[in-house]
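Quick look at what TrEMBL lists:
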- Lys51, Thr138, Gly139, Ser140, Asp308, Met314, Leu315, Ala316, His317: FAD binding site (BINDING)
- Gly175, Ala176, Gly177, Val178, Ile179, Gly180, Leu181, Glu182, Glu198, Gly267: NAD(+) binding site (BINDING)
- Cys42-Cys47: disulfide bond (DISULFID)
- 4-323: domain 'FAD/NAD(P)-binding' (DOMAIN)
- 342-449: domain 'Pyridine nucleotide-disulphide oxidoreductase dimerisation' (DOMAIN)
Amino acid sequence: MSTYDLIVIGGGPGGYVAAIRAAQLGMNVACVEGRGALGGTCLNVGCIPSKALLTSSAKYAEISHLSSHGIEVEGASIDIGAMMGRKDKIVGDLTKGIGFLFKKNGIDLIEGWASIPAAGQVQVGDTIHEAKNILIATGSEPTSLPGIEIDEQDILSSTGAIALDTVPDHLVVIGAGVIGLELGQVWARLGAKVTVVEYLDRVLPGIDGEIAKLAQRALSKRGLKFQLGRALKSVGKTDAGLSLIVDRVGKDKEEVIEADKVLIAVGRRPVTRGLGLDALGVALSARGFIEVDGTFQTSVPGIYAIGDCVPGPMLAHKAEEDGVACVEILAGQAGHVDYNTVPGVVYTDPEVASVGLTEEALKEAGTEYSVGKFAFMANSRARSIGETDGAVKVLAGDDGQILGAHICGAHGGDLIAELVLAMTKCATVSEVAATCHAHPAMGEAVKEACLDALGRAIHA
Ligand SMILES: Cc1cc2nc3c(=O)[nH]c(=O)nc-3n(C[C@H](O)[C@H](O)[C@H](O)COP(=O)(O)OP(=O)(O)OC[C@H]3O[C@@H](n4cnc5c(N)ncnc54)[C@H](O)[C@@H]3O)c2cc1C
């Protein structure tokens with residue numbers, strides 16, 4: 001039996017970062033991971049493999065559309081096996097890298113599935129490890145719809161959709177959220193017909209409506225078909241493939257869609273089973289998330305939780321911030337996460353990036369605000385690189401403070417960082433507008449949007 005200052009359950013971005021930070025702060029730390037590799041959902045089946053495939057597929061799509069540059073490429077072909085091999089190598093290298101960081105920081109890796117028989121104890125197999133504090137970072141897993149069973153052969157979750165060995169003829173994506181759109185675009189670029197079916201009458205729920213519309217328009221131009229206001233009722237297997245029945249929401253009308261693969265991308269749920277939380281009396285929310293207080297402590301003293309298994313945005317960087325803040329608080333420091341400034345990025349082409357409040361949320365709250373917008377069509381760098389779709393939108397309060405910022409456009413995921421920093425440092429639109437931006441650069445659109453909020457955009 002070994003005794004630790006902290007045992008972290010789960011080696012995803014929340015758990016492994018918390019373990020490293022805790023070790024830096026002088027704690028004696030162990031991390032338990034059951035899946036046989038560190039890095040969690042993010043490195044193994046989430047952020048990293050999806051971005052690797054987005055990059056490979058973008059290169060293939062680009063090669064087929066170079067004629068406006070005067071470049072003709074003949075005979076381009078795809079080797080899906082090689083593409084998947086590249087993705088798997090990136091994943092393997094990164095997950096091994098975390099093992100190295102654990103060794104460097106003196107963190108014990110305990111391989112296996114953990115449960116908590118009592119506060120202060122973590123059981124893995126037949127061994128019970130003692131810990132002053134326990135941090136649950138068990139993450140999340142894909143959900144499905146009632147009556148629809150994911151088999152990862154034809155009816156896929158994101159995990160199956162990043163591991164196909166051939167390009168499907170027709171992929172139907174259920175859910176126009178981040179994961180559905182990213183993976184839908186991967187396979188559309190590689191030659192699949194992709195139809196996105198969404199219950200709501202819009203794409204990217206939660207994102208500023210105007211920016212989501214720009215994204216939908218751009219993605220439609222790039223080949224994705226959208227069927228909005230439709231609910232998947234059933235998926236049947238036929239000799240030819242799959243037969244999906246969808247309901248038109250609010251209308252008494254059914255439609256049939258034939259497909260060979262369907263990706264169910266309707267959300268993720270927290271992973272808490274098998275931990276023994278019921279017996280311990282750890283309180284869960286109605287949706288199964290672990291309830292925590294401002295110090296990340298659960299309803300049981302000495303047991304903490306962070307990342308996807310607690311309420312809040314399911315994002316790797318949010319899980320990391322939670323983890324760092326939690327262990328800093330445990331070490332007596334002032335750990336803190338500002339959830340108003342957690343950015344979210346959709347890595348489609350064009351990218352969609354946002355931070356803070358949407359215009360819809362400001363209207364609903366009755367807050368006075370001004371809007372500044374700048375379209376990439378008027379940005380000279382966007383023109384030169386041929387990426388003119390989309391716009392930057394900033395929302396400012398009556399004192400000029402940035403309340404929200406939303407971007408649809410190439411490199412939006414990088415451009416948002418400036419606005420996140422501005423919000424974190426309480427900079428106003430005037431201060432961002434007064435900052436010298438290099439020319440020609442996509443970032444000039446951020447400056448121009450801030451100038452527009454002040455009524456003095458130069459190039460619009
Ligand atoms: C396709 C896809 C793309 C994504 N893209 C992005 C993106 O671009 N950017 C972004 O920010 N987020 C992205 N995400 C979300 C991101 O992956 C998660 O928000 C993030 O991984 C959450 O981190 P976590 O540490 O809370 O949990 P996880 O990463 O889920 O890690 C939890 C770990 O705990 C382990 N575990 C669970 N129970 C036990 C147990 N009882 N004992 C031992 N180990 C256990 C699991 O095996 C897992 O490895 C994506 C997700 C998917 C599916």
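Heads up, the Cβ atoms here are built off N, Cα and C, so glycines get one too.
Annotated features taken from TrEMBL, shown on the structure.
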{"residue": "Cys47", "record": "disulfide bond", "DSSP (3 states)": "helix"}
{"residue": "Gly139", "record": "FAD binding site", "DSSP (3 states)": "coil"}
{"residue": "Gly175", "record": "NAD(+) binding site", "DSSP (3 states)": "coil"}
{"residue": "Leu181", "record": "NAD(+) binding site", "DSSP (3 states)": "helix"}
{"residue": "Glu198", "record": "NAD(+) binding site", "DSSP (3 states)": "strand"}
{"residue": "Asp308", "record": "FAD binding site", "DSSP (3 states)": "helix"}
{"residue": "Leu315", "record": "FAD binding site", "DSSP (3 states)": "coil"}
Chain-internal residues near Gly139 (FAD binding site), provided their CB is under 8 angstroms and they sit 6+ positions away: Gly10, Gly12, Gly14, Gly15, Gly40, Thr41, Pro270, Val271, Gly307, Asp308, Cys309, Ala319
Counts by DSSP class (helix H/G/I, strand E/B, coil) across the domain 'Pyridine nucleotide-disulphide oxidoreductase dimerisation' (342-449): 40 helix, 31 strand, 37 coil
Non-site residues, in chain order, whose CB comes within 8 A of the mean position of the CB atoms of Gly175, Ala176, Gly177, Val178, Ile179, Gly180, Leu181, Glu182, Glu198, Gly267 at NAD(+): Val173, Gly184, Val196, Val203, Leu204, Ala265, Val266
Chain-internal residues, separated by at least six, CB under 8 A from Ile179 (NAD(+) binding site): Ser50, Ser158, Ala265
CB within-chain contacts under 8 A for His317 (FAD binding site), separation at least 6: Pro13, Val342, Pro343
Among Gly175, Leu181, Leu315, which are recorded as binding-site residues, the nearest neighbour of Cys42 (disulfide bond) by Cα: Leu315
Site extent for FAD (largest Cα pair distance over Lys51, Thr138, Gly139, Ser140, Asp308, Met314, Leu315, Ala316, His317, Å): 22
Where Cys42 (disulfide bond) falls in three-state DSSP terms: helix
Contacting recorded positions for ligand 1, chosen from Cys42, Gly139, Gly175, Ile179, His317 when the Cβ sits under 6 angstroms of any of its atoms: Cys42, Gly139, Ile179, His317
CB within-chain contacts under 8 A for Leu181 (NAD(+) binding site), separation at least 6: Val173, Val196, Val203, Leu204, Ala215, Leu219, Leu224, Val346, Thr348
Leu315 (FAD binding site) versus recorded positions Cys47, Gly175, Gly177, Glu198 - nearest by Cα: Cys47
Residue pair Glu198 (NAD(+) binding site), Cys47 (disulfide bond) - Cα distance, angstrom, rounded: 22
Among the NAD(+)-binding set Gly175, Ala176, Gly177, Val178, Ile179, Gly180, Leu181, Glu182, Glu198, Gly267, as the record gives it, the longest Cα-Cα distance in Å: 14
Sparsest-packed among the binding-site residues, when each Cβ's other Cβ atoms within 10 Å are tallied, from Glu198, Asp308: Glu198
Cβ contacts of Gly177 (NAD(+) binding site) (under 8 Å, same chain, 6 or more positions away): Leu204, Pro205, Ala265, Val266, Gly267
Length of the line joining the Cα atoms of Cys47 (disulfide bond) and Gly175 (NAD(+) binding site), in Å: 18
